[in-house]
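Residues annotated as active site, proton acceptor in TrEMBL: LYS183. Here TrEMBL flags GLU190 as active site, proton donor. According to TrEMBL, the NADP(+) binding site annotation covers GLY9, LEU10, GLY11, THR12, MET13, GLY14, ASN32, ARG33, THR34, ILE75, ASN76, ALA77, ASN103. Here TrEMBL flags ASN103, SER129, GLY130, GLY131, HIS186, ASN187, TYR191, LYS261, ARG288, ARG445, HIS451 as substrate binding site. Annotation comment: TrEMBL describes 179-467 as domain '6-phosphogluconate dehydrogenase C-terminal'.
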Amino acid sequence: MEAEIGLIGLGTMGSNLALNIAEKGHDIAVFNRTTSKTGAFFEAAGELRSNIIPCTSLEEFVQAIRPPRPIILMINAGQPVDDQIEALKPLLSHDDIVIDAGNANFRDTMRRNGVLDGTGLNFIGMGVSGGEVGARHGPSIMVGGAEASYKRIEQVLLDISAQYEGQACCAWLGENGAGHFVKTIHNGIEYADMQMIAEIYGIMRDGLGMAPKDTAPVFAGWNEGRLNSYLIEITAAVLDTEDAETGKPIVDIILDRAGQKGTGRWSAIEAQQLGIPATGIEAAVAARSLSALKDEREAAEKAYGSLGEALKRDAALLEDLELALLAGKIAAYAQGFAVMSGASADYNWNLPLPEIARIWRAGCIIRSQFLSTIADAFEGADKETNLLVVPAFVEMMREAQAGLRRVVARAAAAGLPVPALSSALSYFDMYRQGRGTANLIQGQRDYFGAHSFERIDKPGAFHGPWGISAI
Ligand code: 6PG
């Protein structure tokens, strides 16, 4: 048997993706640097073994795939990818395609594209979202690279991706780094979504004194409404789970220090590079960094006393919490899509925003119904359009913003931290303020640095009569 495709890296994501490919009827060759892992994977593959060729050397692996060979790398991002490409290069032939399916930095993907350009080898940077279950049964797949290379692997990818109402959650999004860039922004939005949910949980826990088992049904209830999404669903599940060892709610014994592998941070950095405000993502990244300062936080709590005053629990507050999450979510998604729109222009990708929203509706971590509304909003709209001014979202935001305002105000007064929600509110308030306060900034800049300013009543660059001179 000759394999149709190959995969290197049988970690959790790689093994699951390989099984998914085999299950969809595509013969696949697999290789892992630690060969015992390859054996164990093959043993465990059961009846799918007939579609899998386990290989113990890179040479054997390459020979097992029918040329021109598509080879998926599902290995750690960074140097390992460069090393793997170098090791493969002498074994590959003209037209073979190397597909990096890890969480790569899109700048690395662009560089690798450039390095392989003209060598006869092709490179695809492919974002894969959905965790291990997604990889096994249908992830959301964001592809970047030459469209012709994508076309050659399209059928396999369409077959293994998640389906939303019969539509595959997989698309070619643009040249070189487009797929990995979109995956990065997906993760940035994921961070913002998760942080805002955690802030609402914090208000319930520290402001309202609710036990996890009382908060779980609230989230589960919201999951039936406009907030319906995978992240809200798993929030209810996590809050409702007991630790097997102690019998306590598991969330009460998990240390409050969040990890981060980098993609959220890259989103914030890219937003800053592009000069596009993404305050929700930035606040979420900063909140993870603050969470890591466990010792410092404990020391500061001793210095200041614990914050958080009991809030009065009433039905209205719980309703406001739901509205606050909705409004915060709208702002964060508006920011994420604005960053993609800016990057699309900067990198000449022509990113299809409605298509991106569509392929995020199933399979990925931020999957939700809400993304259908976003897809509709961008359909036919100008790429530069901010979601906040699309009629469907104006209507939602008009209703939800008052709840967000009350929640942020009450949380601030009670000393409960809500960095992502409050940044969403400030973003919204600044975005909808026709006349802002940057006129003063311009006055200050001109005063101390003669940077000049524009006037509202005539065109040109002007200086103020400050009466100061460097001479
Ligand atoms: C996904 C996830 C996945 C992974 C993140 C988590 O879309 O399937 O985003 O890519 O879970 O890398 O990132 P952190 O470790 O930074 O939270």
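The backbone N, Cα and C atoms fix where each Cβ goes, glycine too.
Ranking the binding-site residues ASN32, THR34, ASN76, ASN103 by Cα distance from GLY130 (substrate binding site) puts ASN103 first. Around HIS451 (substrate binding site), a 10 Å sphere centred on its CB holds 13 further CB atoms from the protein chains shown. For ligand 1, the nearby recorded positions are GLU190; that is, of THR34, GLU190, ARG288, these have a C-beta under 6 Å from one of its atoms. Across the domain '6-phosphogluconate dehydrogenase C-terminal' (179-467), mean pLDDT in this model comes to 96.
The binding residues for substrate are recorded as ASN103, SER129, GLY130, GLY131, HIS186, ASN187, TYR191, LYS261, ARG288, ARG445, HIS451; their greatest pairwise CA distance is 50 Å. When other Cβ atoms within 10 Å of the Cβ of ASN76 (NADP(+) binding site) are tallied across all protein chains shown, the result is 15. Cα spacing between ARG288 (substrate binding site) and GLU190 (active site, proton donor): 13 Å, rounded to the nearest whole number. Long-range Cβ contacts of ASN32 (NADP(+) binding site) within its own chain (separation 6+, distance under 8 Å): ILE8, GLY9, LEU10, GLY14, THR38, PHE41. Per Cα geometry, MET13 is the residue among the binding-site residues GLY11, MET13, THR34 nearest to HIS186 (substrate binding site).
Looking at ASN103 (NADP(+) binding site) and the residue listed as 'active site, proton acceptor', their Cα atoms lie 8 Å from each other. Each residue contributes its Cα atom, and for THR34 (NADP(+) binding site) and GLU190 (active site, proton donor) those atoms are 32 Å apart.
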